[in-house]
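Here's what Swiss-Prot has on this protein:
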ACT_SITE  Lys78  active site, schiff-base intermediate with D-ribose 5-phosphate
BINDING   Asp21, Gly150, Gly211, Gly232, Ser233  D-ribose 5-phosphate binding site
BINDING   Arg162  D-glyceraldehyde 3-phosphate binding site
Amino acid sequence: MGLDNLKVGLAQMLKGGVIMDVVTPDQAKIAEDAGAVAVMALEKIPSDIRASGGVSRMSDPGLIERVMDSVSIPVMAKVRIGHFAEAQILQSLKVDYIDESEVLSVADSSYHIDKRKFTVPFVCGATNLGEALRRISEGASMIRSKGEAGTGDIAQATKHIRAILSEISALTQAREDELPARARELGAPIDLVRETARLGRLPVVLFTAGGIATPADSSLVMQLGSDGVFVGSGIFKSEDPKAYAAAIVQATAQYDDADLLARVSRNLGQAMPGVSNLDVRFSSRGV
């Protein structure tokens, strides 16, 4: 239990911040200089994964190590859902966090990784409270609402964060004798359901991901109740990555200051091109 608390505590340290996808050490330095609390090292950002199709896997360990060597902030890396061997490799590299990610191809359609067997904290995606609690029961130390990565479209991100938070709100209104039935409906352990009802929030940090492309997008999900944001394609597919990175960090930290939001949103150049008609929905993977 001590290790679990330590891992959850490490994830709590990222609260209120921005985690940025990077594919080179230079991009990692841009993210760090802009004030990112962590970077996600991968070979392709989600929009390129979406465009190229095929099977997407864990990134080359050499790339991950080069990113780790280039920055002082925490480094995350992605593994396929259920691929515990990829996770073992990342743990051996001493990455700071592992993301069991629906953005990559699914390795096991029946089981997620048993994250309790690892010393590294895990991040997992969810579209609703049941998914979130199941991932936490497997050992996830952070949940991110999935959204639709690589689209630049915030619609699914807002849908998923609203779904999770509204289901938590409903739990807090339930009587104690109703919670076992709620647990069955959610497909989640009763102890986690009770803890969530008592806390009025998840027992781990809840970030938002998928489609965040502007400072206003970040402000929106923070005002809805997110603890922080992941930004993938939105930074390095924009016209001015340095400016967008800095602006989104400021917007996340001071999300309720409309004057600041207006100021940091000025003269940023073109945001990433958006994709709204999806042939592949990453968010449907790994429920």
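Placed from the backbone N, Cα and C atoms, the Cβ positions cover glycine too.
Taking the features listed in Swiss-Prot, we show where each one sits on the structure.
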| residue | record | Cβ neighbours (10 Å) |
| --- | --- | --- |
| Asp21 | D-ribose 5-phosphate binding site | 28 |
| Lys78 | active site, schiff-base intermediate with D-ribose 5-phosphate | 27 |
| Gly150 | D-ribose 5-phosphate binding site | 27 |
| Arg162 | D-glyceraldehyde 3-phosphate binding site | 14 |
| Gly211 | D-ribose 5-phosphate binding site | 29 |
| Gly232 | D-ribose 5-phosphate binding site | 30 |
| Ser233 | D-ribose 5-phosphate binding site | 27 |
Notebook entry, point to check: Between the binding-site residues Gly150, Arg162, Gly211, Gly232, Ser233, which lies closest to Lys78 (active site, schiff-base intermediate with D-ribose 5-phosphate), Cα to Cα?
Noted result: Gly232
Item checked: Rounded distance in angstrom between the Cα atoms of Asp21 (D-ribose 5-phosphate binding site) and Arg162 (D-glyceraldehyde 3-phosphate binding site) -> 24
Check: What is the maximum Cα to Cα distance, in Å and rounded to a whole number, among the residues Asp21, Gly150, Gly211, Gly232, Ser233 annotated as binding D-ribose 5-phosphate?
Finding: 13
Next item on the list: Sorry to bug you, but what's the C-alpha spacing from the residue listed as 'D-glyceraldehyde 3-phosphate binding site' to Gly150 (D-ribose 5-phosphate binding site), rounded to the closest Å?
Entry: 20
Notebook entry, point to check: How big is the gap, in Å, between the Cα of Ser233 (D-ribose 5-phosphate binding site) and that of Arg162 (D-glyceraldehyde 3-phosphate binding site), rounded to a whole number?
Noted result: 22
